[in-house]
């Protein structure tokens with residue numbers, strides 16, 4: 001039996017080594033995304049089995065009155081901290097890399113076996129830290145998660161402007177018609193979904209003024225986006241306004257669905273488990289996709305804060321050109337890096353904090369260990385994210401009017 005176990009272990013190590021060695025320069029970013037996705041799975045699994053395991057650790061189980069939910073939060077935050085430290089260290093190491101001749105460039109793209117070992121060790125060491133350190137990290141993670149949500153919003157704004165610019169640049173009638181059709185469909189979806197939210201989160205016979213305020217505010221913002229974007233003095237377009245409106249409606253829904261299950265105005269409370277699982281899966285998928293997109297598109301620190309059509313953003317190369325540079329097929333003379341490695345890893349560090357908050361319900365107590373991302377804290381985080389999104393979009397439209405001497409588009 002021991003011989004069989006040794007063989008299995010050897011085969012497993014060999015498989016991990018072959019997979020790690022098969023990561024090429026052009027697929028390194030995908031490998032980091034896979035590693036981050038794996039950390040989410042580990043967090044999820046440990047969350048479910050943490051309570052009986054962590055009770056055996058005397059430096060963690062310091063009281064007889066600790067609940068199951070507390071141990072679950074500890075497990076999630078410790079994995080999140082290990083993940084955050086891993087990507088944070090990589091971000092520090094990669095500061096200042098400008099071309100592929102830098103030795104650290106090979107560290108970013110290679111050494112996957114060593115990086116996997118370091119990642120495992122960091123996550124494991126987090127379970128030997130005292131509770132006070134994890135408490136401080138949980139507090140700081142709320143701000144880090146907020147930063148990640150803000151970056152998501154900026155990336156969304158950048159993506160919608162790029163989408164609109166690419167179709168307008170074709171200068172053909174069919175693309176203008178497509179812009180109008182997509183915009184109208186998005187607005188219909190926004191107001192139709194808002195109507196459904198009234199049925200779900202404003203049950204008859206109850207005073208649900210707070211929910212009504214959130215939903216009505218979402219509809220007012222959607223209408224305001226269109227009015228501002230189509231104003232003659234504003235160089236806007238209906239497509240970004242409609243896409244941002246749909247996003248705001250979705251964020252409003254996620255916020256309202258995070259209300260406590262015993263709250264009478266939460267019409268989904270009878271389906272708490274189903275809603276919770278779907279919210280978790282969708283939240284995890286959104287996190288991975290947003291991190292992947294930020295790595296592929298917004299990795300350049302010189303263009304991240306600029307609109308797609310600004311002079312600075314016009315200097316950035318296409319994704320195909322970036323992949324050629326990474327694989328060495330581009331110009332043999334000057335081979336600059338195609339994106340900021342530091343910013344790339346910083347995004348993952350912030351996303352680790354966000355995933356920790358998502359799985360722990362923003363470290364607020366929940367009435368059930370089966371509920372994920374539920375509570376008043378989660379509600380206000382979502383609603384504030386919606387309002388920040390609205391504010392940033394409106395500012396992107398009005399900024400050229402307030403600062404006419406600056407180039408925004």
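In case you wondered, yes, glycine gets a Cβ from its N, Cα and C as well.
Heads up, TrEMBL stuff is auto-annotated, nobody curated it.
What TrEMBL records for 28-46 (among others) is transmembrane segment.
The list of residues near the transmembrane segment (75-97) in space but at least 6 beyond its ends in sequence, with Cβ under 8 angstroms from a Cβ of it, reads 36, 39, 42-43, 46-47, 50, 53-54, 104-105, 107-108, 118-119, 122-127, 129, 134, 137-138, 141, 144, 337, 341-346, 348-349, 352-353, 355-356, 359-360, 363. Under the heading transmembrane segment, TrEMBL lists 75-97 (among others).
According to TrEMBL, the transmembrane segment annotation covers 117-140 (among others). Non-local neighbours of the transmembrane segment (117-140) in the same chain are 35, 39, 42, 54, 57, 59-60, 62, 73-74, 77-86, 353, 356, 360, 363; each lies 6+ residues outside the stretch with a CB under 8 Å from one of its CB atoms.
The transmembrane segment feature in TrEMBL is assigned to 175-201 (among others). Residues of the same chain lying 6 or more positions beyond the ends of the transmembrane segment (175-201) and with a Cβ under 8 Å from any Cβ of it are 164, 167-168, 208, 211-212, 215, 218-219, 222, 226, 237-239, 241-243, 245-246, 248-250, 252-253, 256, 259, 265-268.
What TrEMBL records for 208-231 (among others) is transmembrane segment.
The transmembrane segment annotation in TrEMBL covers 237-256 (among others).
Under the heading transmembrane segment, TrEMBL lists 277-296 (among others).
Feature annotation from TrEMBL assigns transmembrane segment to 339-359 (among others).
Positions annotated as transmembrane segment by TrEMBL: 379-403 (among others).
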